[in-house]
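Enquirer: I'd like to ask you about the structure that follows.
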Amino acid sequence: MKTVRVPIALVQSVMRTLREKLQQANKYLNTDYPEPTLQYNQRGTIAGSAYYANWEIRLNPTLLIENKQNFIEEVIPHELAHLLVSRHFGRVAPHGKEWKWMMETVLQVSAKRTHHFDISNVTAKTFSYACRCQEIHQLTLRRHNKVQRGETQYRCRHCQAILQLIKE
C-alpha cells in the first residue's frame, strides 16, 4: 500500500482545529482532557475513526488532501466528539444523543453522521460475478482472492446460486 504524504500546512491546519475544539470542550465541560494522538493511516472510504483506548484519531490522508477545509471542519470535530463522549459519558451509542449534544452544544458544529466526499480515488477495485438470475455482484479484491484460492464460495441472496467470475 502506497503511503500518502500529507503536506505540513494541512497537518498544521488539522492540529489548529483539533486544539481549538479541544480547548472549547475543556472550557465548556470544565475538564482538562489531553490532546489525542493523530495518525494519518485510515484507509478505504472512511474519513476518520476514533480509538477510545488509545485516545487516538485516525484520518484518511487521501480524503484530507482532496477535501482540505471541508474535511477539517467536519471530520476533526466529529472524531474528537467520539473521544470526548467516551470519556465524559462512558459507553453510549456512537451517534446517540450524547454525541449529538457534544457536537452541537459543546463543539458548535452540525452533527452529521456521514461524509459526502468524493470517494472515487479511495474505492477499492472490485470484480464482477454473476449468478443464475443474471444479477451482477461486485466482490472486493479480498473476497475475489478467497474464491480464486478455493477457500470460499459466495452465493446470490436471491437465487442462492454460487457466484461465477465474469471473464473480462
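Note: Cβ is positioned from N, Cα and C throughout, glycine not excepted.
So Swiss-Prot lists these for the protein:
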- 20-166: domain 'SprT-like' (DOMAIN)
- HIS78, HIS82: Zn(2+) binding site (BINDING)
- GLU79: active site (ACT_SITE)
Enquirer: Excluding near sequence neighbours, so keeping only residues 6 or more apart in the same chain, what lies with its CB under 8 A of GLU79 (active site)?
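Expert: Within the chain, GLU79 (active site) has Cβ neighbours under 8 Å at GLY48, SER49, ALA50, ILE57, LEU59.
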Enquirer: Using a 10 Å radius around its CB, how many other CB atoms surround HIS82 (Zn(2+) binding site)?
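Expert: A 10 Å sphere around the Cβ of HIS82 (Zn(2+) binding site) contains 22 other Cβ atoms.
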Enquirer: Average pLDDT across the domain 'SprT-like' (20-166)?
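Expert: Its mean pLDDT is 93.
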Enquirer: Looking at Cβ-Cβ distances, which residues of the chain lie under 8 angstroms from HIS78 (Zn(2+) binding site) while being 6 or more apart from it?
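Expert: Expected: ALA47, GLY48, MET103, VAL109, LYS112.
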Enquirer: Looking only at DSSP and grouping its letters into three states, which state does the residue listed as 'active site' belong to?
Expert: helix
